[in-house]
Amino acid sequence: MNAVTVLAFTAFALIVHDCYSEEANTTPISVKDQCANVTCRRTVDNRGKRHIDGCPPGCLCVLKGPDSKDNLDGTCYLLATTPKSTTTSTEQSFNMEE
């Protein structure tokens, strides 16, 4: 019984070794970063709504400054996944009474 177990374990180890020791032909994924060196800007329209413009689809605008400021510049960064929406402007509500 022990000999059968050892033989089965050895066979399994050899199969696993063969499967994972082969060198696979891989092609590195080269993603063109459309967000590199792209700046974005947050502005407020006359109705008090914040707008973020400047980043292409699939990029996230990271603003440089506190959230309390309305007009800020930022940098676009590539997201891990591309959103289904193709809009490049984001609107946020802004309460002028605060």
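Even glycines carry a Cβ here, placed using N, Cα and C.
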* To do: Name the cysteine that pairs with Cys40 in a disulphide bond per Swiss-Prot, restricting the answer to Cys19, Cys61.
  => Cys61
* To do: Look at the disulfide annotations in Swiss-Prot and name the partner of Cys55 from this list: Cys19, Cys76.
  => Cys76
* disulfide-bonded residues: Cys35, Cys61, Cys76 - member with fewest neighbouring CB atoms within 10 Å -> Cys35
* To do: Round to a whole number and give the Cα-to-Cα distance in Å for the pair Cys59 (disulfide bond) and Cys40 (disulfide bond).
  => 10
